[in-house]
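Q: One structure follows; several queries about it will come next.
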Amino acid sequence: MKNTYREPINGFTHLFGALISCVGLVFMLVKVLSQGGNYAALSGALIFGISLICLYTASSIYHLVNGTDKVLAFLRKLDHSMIFVLIAGTYTPICLLCLDGTLRIVLLSVIWSLALAGVVFKMFWFNAPRWISTIAYIGMGWIALFIFSPLSKALPFMGFFWLILGGVMYTVGGIMYGLKRPNISDKFGFHELFHVFILLGSLSHFILIFNYIL
């Protein structure tokens, strides 16, 4: 029987990510509400959880669904755009709960402005050179370096460990995507590895946010 899924490995790994993200959102909300439902924590948990769900849902739909060229082109744009949304969504609870005053407002404004610009960029210039997208994703992700000092005071060592580990996982995945290698086999190449490393990055940052920020 002919396989009806376009890219089953990529699609089902991120479908798994979408389902686990739903569970993770529930766990975060239960934790926040059990602590009294702090507004900043509740907002951060919702935005982070929803951004995870959006990314993995968009990715799984694009990689699993068969459709016309026009439909697939739109789904691919949406898939790539959600990467910018997830980066901003991950920064949101960090900004709300680890930073204060002007720095919090400035970083939130910058990160969501960059996310919006990234979405517009992907929607209107999707065929830009691959290296531009790779640099944009990685550069936006490592904006945390500019707030190293306040984060080092707000987070314990293990919290910082999960923050950096998540960044490394995303970066390694991004480099694989940019270079289109390594390719282990015909069915498991750089794209499949990219998806796995994105999942590992998300898991690391979930552990950070759930255990050390909320």
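Cβ atoms are placed via backbone N, Cα and C, with glycine included.
Curation does not apply to TrEMBL; its annotations are automatic.
What TrEMBL lists as Zn(2+) binding site is His63, His191, His195. Taken from TrEMBL, the feature transmembrane segment applies to 12-33, 40-62, 82-99, 106-125, 131-148, 160-179, 194-213.
Describe the structural surroundings of these features, if you would.
A: Secondary structure at His195 (Zn(2+) binding site), taken from DSSP and collapsed to helix, strand or coil, is helix. Within the same chain, the residues at least 6 positions away from His195 (Zn(2+) binding site) whose Cβ sits under 8 Å from its Cβ are Ile9, Asn10, Thr13, His14, Ser59, Gly173, listed in sequence order.
Distant neighbours of the transmembrane segment (12-33): 5, 41-42, 45-46, 48-50, 52-53, 55-57, 59-60, 63-64, 192, 195-196, 198-199, 202, 206, 209-210, 214; these residues of the same chain sit at least 6 beyond its ends, with a Cβ under 8 Å from one of its Cβ atoms.
Tertiary proximity for the transmembrane segment (82-99) is limited to same-chain residues at least six positions away from its ends with a CB under 8 Å from its CB atoms, namely 40-41, 43-45, 47-48, 50-52, 54-55, 58-59, 107-108, 111-112, 114-115, 118-119, 122, 136-137, 140-141, 143-144, 147, 150-151, 154-155, 202, 205, 209, 213-214.
Tertiary proximity for the transmembrane segment (131-148) is limited to same-chain residues at least six positions away from its ends with a CB under 8 Å from its CB atoms, namely 80, 83-84, 87, 91, 94, 99, 103, 107, 110-111, 114-115, 118, 121-122, 163, 167, 170-171, 174-175, 177-178.
Outside the transmembrane segment (160-179) by six or more residues, the chain places 130-131, 133-134, 137-138, 141-142, 144, 151-152, 190-191, 193-198, 200-205, 207-208, 211-212 with a CB less than 8 A from a CB of the stretch.
Sequence-distant contacts of the transmembrane segment (194-213) (same chain, six or more residues past either end, CB-CB distance under 8 Å): 9-10, 13-14, 16-17, 21, 24, 27-28, 31, 44-45, 48, 52, 56, 59, 86, 90, 93-94, 97-98, 155-156, 158-159, 162-163, 165-170, 172-174, 176-177.
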Q: Taking 10 A as the limit, how many CB atoms besides its own sit near the CB of His191 (Zn(2+) binding site)?
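A: I count 15 other Cβ atoms within 10 Å of it.
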Q: List the residues in the vicinity of the Zn(2+) site, defined as same-chain residues other than His63, His191, His195 with C-beta within 8 angstroms of the site's C-beta centre.
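A: The surrounding set, listed in chain order, is Glu7, Ile9, Asn10, Gly11, Thr13, His14, Ser59, Glu192, Phe194.
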